[in-house]
Amino acid sequence: MAAPGAPAEYGYIRTVLGQQILGQLDSSSLALPSEAKLKLAGSSGRGGQTVKSLRIQEQVQQTLARKGRSSVGNGNLHRTSSVPEYVYNLHLVENDFVGGRSPVPKTYDMLKAGTTATYEGRWGRGTAQYSSQKSVEERSLRHPLRRLEISPDSSPERAHYTHSDYQYSQRSQAGHTLHHQESRRAALLVPPRYARSEIVGVSRAGTTSRQRHFDTYHRQYQHGSVSDTVFDSIPANPALLTYPRPGTSRSMGNLLEKENYLTAGLTVGQVRPLVPLQPVTQNRASRSSWHQSSFHSTRTLREAGPSVAVDSSGRRAHLTVGQAAAGGSGNLLTERSTFTDSQLGNADMEMTLERAVSMLEADHMLPSRISAAATFIQHECFQKSEARKRVNQLRGILKLLQLLKVQNEDVQRAVCGALRNLVFEDNDNKLEVAELNGVPRLLQVLKQTRDLETKKQITDHTVNLRSRNGWPGAVAHACNPSTLGGQGGRITRSGVRDQPDQHGLLWNLSSNDKLKNLMITEALLTLTENIIIPFSGWPEGDYPKANGLLDFDIFYNVTGCLRNMSSAGADGRKAMRRCDGLIDSLVHYVRGTIADYQPDDKATENCVCILHNLSYQLEAELPEKYSQNIYIQNRNIQTDNNKSIGCFGSRSRKVKEQYQDVPMPEEKSNPKGVEWLWHSIVIRMYLSLIAKSVRNYTQEASLGALQNLTAGSGPMPTSVAQTVVQKESGLQHTRKMLHVGDPSVKKTAISLLRNLSRNLSLQNEIAKETLPDLVSIIPDTVPSTDLLIETTASACYTLNNIIQNSYQNARDLLNTGGIQKIMAISAGDAYASNKASKAASVLLYSLWAHTELHHAYKKAQFKKTDFVNSRTAKAYHSLKD
């Protein structure tokens with residue numbers, strides 16, 4: 001099976017594999033010399049057998065050298081370089097690296113004997129010193145054959161490292177030369193092929209045990225310019241870097257917190273702590289700590305010594321003091337000897353809350369130790385209300401707040417994470433933070449730190465999980481509705497409690513009703529000046545302005561905090577309206593998202609909810625300088641002979657007509673601050689969001705803001721109503737909201753129509769656009785749920801407004817078949833009085849007032865007693881609408 005070689009290789013026999021398999025190869029095997037060459041050697045005075053013997057020795061040396069450099073471990077299967085790559089691709093040789101499972105090809109660049117060899121691949125680039133005196137033929141010139149070898153099972157003397165897709169690189173320590181076996185051990189890379197992998201660990205007894213891992217992401221730590229992934233088994237060389245180094249600006253523990261923060265089955269609203277899960281050998285010289293981004297470990301190496309961890313179900317393992325100090329904070333130590341015995345105490349003692357709180361002493365502990373203790377507290381308070389209470393009893397909150405002054409990013413980040421879990425759903429801890437002057441301390445850190453992770457710890461949860469985990473919008477909390485006397489508007493105020501996946505430290509504090517006014521007093525100005533105004537781009541006109549110190553998540557988190565604060569009450573609303581730049585920035589940001597065709601932006605939802613709350617009772621709470629201008633004509637209205645007009649006094653129809661005849665105050669072309677709240681630009685902005693956004697809470701807040709602005713009968717509500725209906729054609733958008741699936745949006749839309757229908761000049765237009773829709777949403781029977789009762793009552797009052805002064809509108813209501821529904825609901829008032837039944841009774845009484853329709857009623861088989869009876873008369877005369 002010999003094949004003639006190329007001229008440069010004349011005299012050598014080609015491989016015994018046939019051409020049908022290998023084709024035209026460009027390299028030769030290390031076969032024996034040809035007979036012709038042996039004859040030539042014999043004629044030159046050298047014995048052929050001697051040449052043959054030397055050639056065999058040379059062949060064996062080169063084969064062993066190439067085998068040592070090129071083999072790659074894959075479990076128990078090793079691949080040598082005796083078979084060309086494409087032979088594997090022909091599936092003639094079965095191997096784990098064939099086909100789609102093959103990793104990125106590695107390139108080898110070997111210089112002369114004793115020089116450094118570099119290797120690179122998907123996992124990074126590394127160097128090693130080789131003592132081989134033979135150079136490797138470059139792959140571009142030769143394709144050496146490959147052989148398959150089956151190696152024995154893994155043993156404690158030979159550890160395999162499993163790596164994630166993150167970069168892997170390793171450098172030998174100064175003065176160390178990696179020979180063949182050491183370099184092979186350092187280069188054993190197993191590419192992750194499954195989400196679940198079994199990692200071979202070494203127990204104290206020398207036996208192997210397996211640990212199941214449910215996450216392919218592994219933590220990565222920085223050391224100089226080299227990025228090493230964390231080892232999943234004991235390192236082959238204990239002298240190599242194992243521990244974190246202090247002073248690193250950011251740890252992968254915090255970066256990967258973003259990847260694993262929101263996982264299925266977790267209690268919402270908390271920070272996933274950064275806690276090491278690792279087996280630990282009793283040999284301190286070889287003890288290592290490696291961190292994993294997942295806490296889903298089903299089994300630890302019990303033989304390896306005590307450790308502590310908590311998986312997703314809350315089950316405890318053990319964490320030693322030494323482990324917490326080595327890796328709990330996520331910031332690495334270059335030397336284990338950094339800790340003295342007096343500092344560590346017994347490193348194998350189990351870490352407890354008591355011990356962790358006692359370690360929070362800035363004057364006596366290294367920053368890395370403090371970070372480890374704070375991280376442990378953060379971890380223990382995750383899903384454990386008892387741990388939160390215990391830390392409070394140990395005065396741990398005070399110690400954590402005092403540590404905020406430490407000028408160390410890692411300490412500040414760990415402390416903020418611990419505080420964030422401590423205040424989650426624990427009002428006592430929230431009040432404790434406030435009483436200990438914690439809010440100003442947090443704001444000081446927020447202003448001074450340049451670390452984005454710390455800012456996010458203070459304002460909200462981790463960053464990027466929103467897209468990965470379907471980040472839900474902030475849930476609006478509808479407070480008990482308050483009715484403004486004589487205004488006909490039922491206004492709800494939006495707020496956000498401790499929400500799933502939205503639970504920053506300040507956000508959680510602002511969810512406590514007792515702390516909202518405190519937050520407004522201490523945090524409003526700082527958050528507005530340092531976050532809201534810079535990011536929104538106002539007043540420069542840019543949108544938005546993310547930079548190295550701010551990003552969208554921080555802006556979103558702060559708007560969520562302000563959203564809670566805006567529901568504090570009258571004093572809080574007034575303070576927020578007076579805050580320079582707040583309303584301007586919010587309006588500027590929302591207008592920018594609409595212009596960029598992003599009406600579903602989740603920060604826009606928060607901004608609109610804030611504006612919605614600030615428009616609540618606006619007419620009554622306006623500063624005197626605005627009310628004097630708006631109501632100047634209102635006070636000049638006089639009635640003839642000072643007599644009260646109508647049975648309802650100042651709320652009668654004739655007085656409303658006089659209000660509507662009063663000229664409206666001129667609108668400022670350049671509004672500022674609170675003036676934006678009723679400006680036509682903002683009204684148009686709300687209508688755009690109603691029409692374009694698909695987020696229910698954005699729609700509800702926009703409708704609610706217009707509802708608040710149109711509540712009442714003064715110049716401002718009348719002007720806003722006319723703008724909505726006549727100038728901006730807003731009825732078409734409001735009408736569509738009557739048919740959405742969300743009942744809260746539907747209820748708010750009907751409440752807005754009810755306010756609009758109080759304007760006499762708009763009633764016919766409203767009836768023309770919406771009367772059939774109003775009838776369609778009225779149920780056939782008495783509603784049972786509170787929300788449906790409110791919706792039905794508002795629909796009946798709206799119909800009552802538009803039929804009172806119009807015979808034609810009343811006839812249209814009769815023709816649509818709505819009277820039968822109304823009578824059925826009114827009848828329910830006899831046995832279960834509610835708002836809907838009362839509103840239906842009022843509407844029936846008003847319908848009978850149109851005498852010209854009596855014949856039509858009788859023709860439709862209705863009697864007078866269906867419209868006028870003791871029930872309907874009582875409801876009508878008790879009406880204070």
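Each residue, glycine too, has its Cβ placed from N, Cα and C.
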Of SER197, SER510, SER751, SER757, which does Swiss-Prot mark as phosphoserine? SER197
Which of the listed positions, SER140, SER251, SER342, does Swiss-Prot note as phosphoserine? SER251
Considering the residues SER102, SER151, which is the one that Swiss-Prot annotates as phosphoserine? SER151
Among SER172, SER288, SER297, SER494, find the residue to which Swiss-Prot assigns the annotation phosphoserine. SER172
Pop the mean pLDDT for the repeat 'ARM 2' (385-424) in here, whole number is fine. 93
